[in-house]
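Below is one structure, written out as C-alpha cells, with a few remarks after it.
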Amino acid sequence: MALRRILCNSKILTSANFNCGNSRSVQTLSLPDLPYDYGALEPAISGEIMRLHHQKHHQAYVTNYNKALEQLDSAISKADASAVVKLQSTIKFNGGGHINHSIFWKNLAPVNEGGGDPPKGSLSNAIEKQFGSLEVLVQKINSEGAALQGSGWVWLALDKEFKRLLVETTANQDPIVTKGSALLPLLGVDVWEHAYYLQYKNVKPDYLKNIWKVMNWNYATQVYEKECI
Amino acid sequence: MASTQGFSLSALSSNENVAVKIELKPPPYPLDALEPHMSRKTLEFHWGKHHRSYVDNLNKQIVGTELHGKTLEAIIVDTYNKGDLHPSFNNAAQVWNHDFFWESMKPGGGGVPNGELLELIKRDFGSFEEFEKEFKTAAATQFGSGWAWLVYKAQDNKLLVIKTPNAVNPLVLDYYPLLTVDVWEHAYYLDFQNRRPDYLSVFMENLVSWEAVSSRLQLAKKAQAAQN
C-alpha cells in the first residue's frame, strides 16, 4: 500500500494501473453459478425453491457481504474501531451465508449426475467405522436437523486434527468453523425454512428424508480424501 | 349392581394425570379475514400447523413434570432460566408469542393510532413515521428467526422497539409487550417468499390492531401502578 501511495503521488503511473482513488479497492464476491439447472433436483427439491434460494437468498448474502466489506474498509481507513466491531455481526451473517450456500450447491447433484449415490472408498469406510452405517449417520443428521429450533444448518464435518467425522449444527448462518477451527465441512443441510417451505411447508422431516435422494457424496468424498490420504 | 358413575367421576377428579392442558386458542377472526394481506393458506399453516405443534409438543413435554398445571407465563419465565434455556422454553414461548401475534392484528387494521398511544409514540420516537421506520428496520434486520416488538419499559416509563431471536419474548426481558410481528420465515414465505420488507410494509399498512396495542398499554400502566 505504501508503494502504491508513492507511485500515485509521483504520478509515475496512471490510475488505470493502480487504484489511486481515496480507497483501496475491496475484493468483492459474486454469486457462484449453480452446477445444474434449477429444476434438475426435482422432485426432491422444487425448481421454484432452487431459483429463489440461489437468485434471491444467496444473492442477498453476497450483496450485503460486499456492502459490509466496503463499510469495513472505510472504517479501517478511518481507524474507527467502534464501527469495525459493529460490522462484525453483519459480516458473519452475510459472509457465512455466502460460504454455507456455496458449499450447499456442491453438496447436491441431479440423480443422473450421481445425486443420491452412496459414498464409496475411504469416506464410506470412515462412516461405517465411526457411525456403524450410512443409515445411522443419515438418521443422526436428520434428527439433529428436525430438532434445530429457528434457523440453521446441520453438518457432517471432518475434524482435521483428529481425522474424525462428526455431526454438528450451527445457528443462523454461522459457518462450521465457529464450532471449532479444525472443522472442515463435508456436507451441509440447510434447515432454514426458505430451503423447503414452499414445497414441504411445516413438514421439515419430509424435506430431510428426500434431500438424500440428491445428495452429492462425490463432493464430500473429494474433500475428505484430500485431507485424509 | 353398584353405580360406577359416581366412583369413576371422583376417581377422575383425584387422578393427578388428568391433563391440565395448554389450549390452542383460535385467532380472534376467521382464517380468511386478513386476506389479501395475509392469506388464508398462511393462517391455515401458521396457526393450524405451526402454532398447534407448539401447543401439542409443549403439553407432551410438561406432563408429569413440575411445570404441569402452571400458567403459560410462569412456564415461560421458568424455562427461560435466565438465558440457559430449558428444552420446553421454545415451545412455551412460541405458544404465547403466536397468541399475542394473532391478537396484534385485525381485519381492516393498520394506519395510525390515536389518543395517548400516539402521544407516547411521538414523545419516545419523535414521530409515528420514525417509530414505524425503527420497528420495520428491527424486524428486517433480525438475522434468522425471531420477532420484533414495541414494548413498554416501566422503569423508564418509555416505549421501545426491540428484536428478539427465535422464541425469546419481552416477558423474560422484563418489558411489557405491546405489539409484535413474527419474522420466522414461515410467517411470510407463502405470501412474500424472500421479500420480508414487503411483508413488513403490508403488516404496518393493513394489519396492525392499534386498539389491541392501546389496551395492552393501559393494562401495562395499571399493572405497573399496582406494583408501585
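Using the three backbone atoms N, Cα and C, a Cβ is placed for every residue, glycine included.
Between the candidates B:His37, B:His46, TrEMBL assigns the Mn(2+) site shared with B:His98, B:Asp182, B:His186 to B:His46. Per-site Cβ counts within 10 Å over the binding-site residues B:His46, B:His98, B:Asp182, B:His186 peak at B:His46. In the three-state DSSP scheme, B:His98 (Mn(2+) binding site) falls into the helix class. Annotated Mn(2+) site B:His46, B:His98, B:Asp182, B:His186; additional same-chain residues within 8 Å of its Cβ mean position, judged by their own Cβ, are B:Trp47, B:His50, B:His51, B:Phe101, B:Trp184, B:Ala187. Note on the domain 'Manganese/iron superoxide dismutase N-terminal' (B:23-106): DSSP counts are 50 helix, 1 strand, 33 coil.
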